[in-house]
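Feature table excerpt (TrEMBL):
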| type | residues | note |
| --- | --- | --- |
| COMPBIAS | 1-14 | compositional bias 'Polar residues' |
| COMPBIAS | 39-59 | compositional bias 'Acidic residues' |
| DOMAIN | 120-712 | domain 'Major facilitator superfamily (MFS) profile' |
| REGION | 1-71 | region 'Disordered' |
| TRANSMEM | 118-145 | transmembrane segment |
| TRANSMEM | 157-174 | transmembrane segment |
| TRANSMEM | 186-206 | transmembrane segment |
| TRANSMEM | 212-232 | transmembrane segment |
| TRANSMEM | 244-267 | transmembrane segment |
| TRANSMEM | 287-306 | transmembrane segment |
| TRANSMEM | 400-421 | transmembrane segment |
| TRANSMEM | 570-593 | transmembrane segment |
| TRANSMEM | 600-621 | transmembrane segment |
| TRANSMEM | 627-647 | transmembrane segment |
| TRANSMEM | 659-682 | transmembrane segment |
| TRANSMEM | 688-706 | transmembrane segment |
Amino acid sequence: MDDPYQNNVNQQMTEGGEYTYTQDGGGQDGYPYQTDYPQQDDDAASDATEGADEDDQMYEGEYQGIPHPDEIKEARRAARLEAKRKARQAAQQEEEEENLPEQYETIMEDCGHGRFQWMLFFVLGLALMADGVDGFVVGFVLPSAEKDMCISNADKGLLGLLVYVAMMVGALVWGGLCDKMGRRKCLIYVLTIDLVFSFLSCFAQGYGFFLFLRFCSGFGIGGSIPIVYTYFTEFLQMDKRGEHLSWLCMFWMLGGLYASFTAWGIIPHYGWGFAIGTQIQFHSWRVFILVCLFPALAALIGVVFMPESPRFLLENARHDEAWMILRRVHDTNWKAKGEPERVFTVTNIKTPQTQEDEFIEIQSDTGTAFQRWTVRKMTMLQQVMANVMSLAAPELRLQGLFLVIVWFCMAFSYHGLGVWFPDMIKYMQYEEYESKVRVFHRERVERFHFNFSLVNQIHREGEYIHDKYGFSYTTMDYRRARVFKSTIFCLRFANIEIKSVKFEDSLFENCYFEDVRSTNTFFENCTFKNTMFYNTDLWQEKFKDCRLENTTFLHPKKGCHLNFQEENDIVIYMVSFLGSLAVLPGNIISALFMDKIGRIRIIGGSMLASSACTFLLLLSFSQGAVICWQCLFYAVSVAAWNGLEVISVELYPSSKRGTAFGILNGICKFAAIIASFIFAAFIGITKIIPIFLAFAALVCGGLVALKLPETREKILS
């Protein structure tokens, strides 16, 4: 028969994994009994306690610094309890992180897609448009800027290179920062930097200062693409992402159209500028840069009134702010749909705990203001670098490598051909111009007044003389000739333009050049005797291996001078305009089918079809053919760009989305820099190598794209 005393004892397990027994009944307190202690004999127990009270008993190793066995056991028990607490917390956090994507997707479906998303769509579209405009600015202003600021060919290439390097760095930096500082805040910084430095570049008179300002502007606007797509994605539900992100891509096309149209309408008009003295010149190409700031300004004003991404706030444990923004989205959409009575029913949203943010707040309570600022920024830098390194995790490594290959191949071929198309047209124009050159050999001209322009000519072994008086002029003779228009210099070049003219092995004697404007004009191995140059831009750099005897230059117009009819060929503006417009059909088709046939088929199919289009470039024997194949290539390849941008924001978790997209966009700019040098090097040499490189890159990228995971039905992680 069971012992009645044992029936009143309950067995319980403590949090540390040990068992405790308590006695029921009688209203008495329970007696704990630790099973860890070994049983003792009765005699041993009585000997140990004989003649001494339990409270007065002293551990003999206390004075030797040896811990009591009970203390050791207590420490071990506390360590086990702490380990279990951390394990439960980690499991709870993992469960919350798994539940957050599904819960957030449910909330976005409850909020619906309506007025709020469309307002954000147009605001972020203007920011994307500003990036598209900046991509065209340098190419449009360079022909005028290189004359206005005397930019050499080497420095001219440096401007385009530094702008792309700045945009590459900007994409890397701002993409990482937007995961820690917030999408909205970083986008405001990006647009502000672009506006300030672009505005200042309008007034820069020196090339070095202009280069620095354009670099800073590129660093700002380079971060807009990663932020814009990350920002907009987190306000879209799953079945709307592909379509509406593709519609958003159209604003980059609108940026190209805006830049081409305004450049066409502004830059060729010299009278649209002004001058302050002789040091400050504000020509029409500077007005064009000023006008190009309008999309960025409008986007900045709009973003100020937009909220932060609630998904970013939830990832950073800012539950209350996220809840208020989600309720605003819900109420805005349903009020616009005529159902203002619908109530936002979400009361609790799971948010993962972040130790990094706690560390920042702990540090912010100590030290001076500068120390707190330093701690915050250094901690943020460490977090960004940790985010970058986490992209190499095994579960992200393979898909990241595939994405890098596809982005690089697409950017290499697209931007390489983007440089090749206009340069090829310019080369064809140059060949056509050269074929019409007029050559004059051993001509002799005496006592003649050139009052008409000389264009596209070569003069070899000519003689331009007047020897009636047979004496040298003096300064007084020159002044007398200016006043009375006498015939001291009877062979005169006055008030004319000399464009693309070359004099070789020629003799100029008793000649007078006045108010002469020249473009691409040179004198090689010529002899000048008793010749006067007054108020001309013919100076030392125009004369190569020439002999100057008793020759004077008065009031020379040193430096570079704009020739708007020469430097602003409308064909270049038309090529850019048509190329930007050609992507419209591809944008529409990709937007309509992105969610129907999937991202992978869009990317792979578009890249492989674009590779087939490159072979048509072998048939480009005229300017019209080049323009036609350019438009076809852009129309087909734009779908791949849209698919890449959609899949890039869907593959990565929210805490790393901006960082990953920034790295991919930086790789895109790096590929563009390499391609621009390679493709430009073969202009006028061969068409086969650039076409083959573009074809190989597109085929490689298209095949690798088929290995990417499909994200059409993927909830944002």
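Glycine residues also receive a Cβ, built from the backbone N, Cα and C atoms like all the rest.
Automatic, uncurated: that is what TrEMBL annotation is.
As the structure is a computational prediction, the values presented were derived from the model and not from experiment.
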Are there at least 3 C-beta pairs under 8 angstroms linking the transmembrane segment (287-306) and the transmembrane segment (627-647), leaving out pairs fewer than 6 apart in sequence?
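These two stretches do not touch.
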Using a Cβ cut-off under 8 Å, which residues of the same chain at least 6 positions beyond either end of the transmembrane segment (157-174) come close to it?
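Distant Cβ neighbours of the transmembrane segment (157-174) are 134, 138-139, 142, 145, 151, 186, 189-190, 211, 214-227, 658, 662-663, 665-666, 668-670, 672-673, 676.
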For the transmembrane segment (600-621), name the stretch out of 118-145, 287-306, 400-421, 570-593, 688-706 with the most CB-CB pairs under 8 Å.
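Result: 688-706.
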Does the transmembrane segment (287-306) come close to the transmembrane segment (118-145), meaning at least 3 CB pairs under 8 Å for residues 6 or more apart?
yes
Find the member of 212-232, 287-306, 400-421, 570-593, 659-682 that has more C-beta pairs under 8 Å to the transmembrane segment (244-267) than any other listed stretch.
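Ranking 212-232, 287-306, 400-421, 570-593, 659-682 by Cβ pairs under 8 Å to the transmembrane segment (244-267) puts 570-593 first.
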For the transmembrane segment (688-706), I need the partner stretch with the highest count of C-beta pairs below 8 angstroms, choosing only from 212-232, 287-306, 400-421, 659-682.
400-421
Mind checking which residues of the chain, 6+ beyond the ends of the transmembrane segment (400-421), have their Cβ under 8 Å from one of its Cβ atoms?
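Beyond its ends, the transmembrane segment (400-421) has Cβ neighbours at 391-392, 575, 579, 603, 607, 610-611, 614, 617, 626-627, 630, 633, 637, 640-641, 644, 647-648, 651, 660, 664-665, 667-672, 674-676, 678-680, 683, 690, 693-695, 697-698, 700-701, 704-705, 707-708.
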Does the transmembrane segment (212-232) make contact with the transmembrane segment (570-593) through 3 or more Cβ pairs under 8 Å, each pair 6 or more apart in sequence?
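When sequence-distant Cβ pairs are counted, the transmembrane segment (570-593) does not touch the transmembrane segment (212-232), since fewer than 3 lie under 8 Å.
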Below 8 angstroms Cβ to Cβ, which residues of this chain, lying six or more residues outside the transmembrane segment (659-682), approach it?
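Same-chain contacts beyond the ends: 160-161, 164-165, 167-169, 171-176, 178-179, 222-223, 225-226, 229-230, 384, 387-388, 391, 400, 403-404, 407-413, 415-417, 419-420, 423, 648-649, 651-652, 689-690, 693.
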